[in-house]
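**Q** The following block contains the structure, expressed as structure tokens.
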Amino acid sequence: MPSAAVSVPEVPSSDRKTVYLVTGASRGLGRGLVQAFLLRPNSIVIAGLRNRTSQAGALDALPRGENSSLIAVQLDSGSKSDPADAVSILQRDYGITHLDVVIANAAIAANYGPASTMPLEYLETHMQINAYAALLLFQATRVLLQAAKSPQFICVGAPISTITEMESCARAPLTNYALSKLAACYLVRKIHFENKWLVAYIVDPGHIQSDMGAQAARLFGRKEAPTTIEESVAGICARMTEADKNTTSGRFILFSDGSDVPW
């Protein structure tokens, strides 16, 4: 497995900066979020990558706000050890003392088919990447989140995981994806109740124009996904700004207006 840090550039102390961590940061929504956070002043943006060695270079040219910096770390959601290893490296090599925002964004949607013929190994892969990885990420980052003034733990969800409105999408051949996203919703809501100091919630980013979004559009017979990455990022950032423990934490919200997405 590639090392989580090939070289150690000088990174300013995190003590007076806003520190963000985003998984699945090499493309799509993850890259869009990294780009938006990096444009903010006095920020440290940590990009979690499935393969740091081959993917980190593509982020080097992203523009930066005043006194802001980027750190790329190895954070493969298919790995059970990467989250803890990445946090150790962030503390030891980069002097990270807190995390203000952690976004579990990395996901997989593949091996389409109904529950009646779904091989268990396909479900296990989806559960690891879409659900277990979010839990491992929280467990690894919890102490650094607790050191922040107003920490947020955000999981990118999917409305197809709904139970109450399953009838509207029951024929979609996305059993693996939907079930694993449902598990992630439970985990984040559980984290909300167990940690009174933390704002933890799930956000539906919309049907975005990413590689995964394009696949879903084809499955549903649509020409393309309706929501641009820029629109989704802007909405998520707006929801982050207004989020608090009493009104946001523990909920599954829509990126555009913060309304509830059915469980």
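Backbone N, Cα and C define each Cβ position, glycine as well.
As annotated in Swiss-Prot:
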- Leu29, Asp76, Asn105, Tyr177, Lys181, Ile208, Ser210: NADP(+) binding site (BINDING)
- Tyr177: active site, proton donor (ACT_SITE)
- Lys181: active site, lowers pKa of active site Tyr (ACT_SITE)
**Q** Long-range neighbours only, meaning 6 or more apart in sequence with Cβ under 8 Å: which ones does Tyr177 (NADP(+) binding site) have?
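**A** Non-local contacts for Tyr177 (NADP(+) binding site): Ala107, Ile108, Ala109, Ala110, His126, Asn130, Ala158, Ile160.
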**Q** Let me spell it out: for each of the binding-site residues (Leu29, Ile208), count the other Cβ atoms within 10 Å of that residue's Cβ, using every protein chain shown. Which one has the most?
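**A** Of the binding-site residues Leu29, Ile208, the most buried by Cβ count within 10 Å is Leu29.
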**Q** Tell me, how many other CB atoms lie within 10 A of the CB of Ser210 (NADP(+) binding site), whichever protein chain they belong to?
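**A** By my count, 22.
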**Q** Taking DSSP as the reference, which of helix, strand or coil describes Asn105 (NADP(+) binding site)?
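**A** The three-state answer is coil.
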**Q** Taking the Cβ of Lys181 (NADP(+) binding site) as reference, which residues of that chain separated by at least 6 in sequence fall under 8 Å from it?
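**A** Long-range Cβ contacts: Ala107, Asn130, Ala131, Gly157, Ala158, Ile160, Ser161.
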**Q** Tell me whether Leu29 (NADP(+) binding site) sits in a helix, a strand or coil according to DSSP.
**A** helix
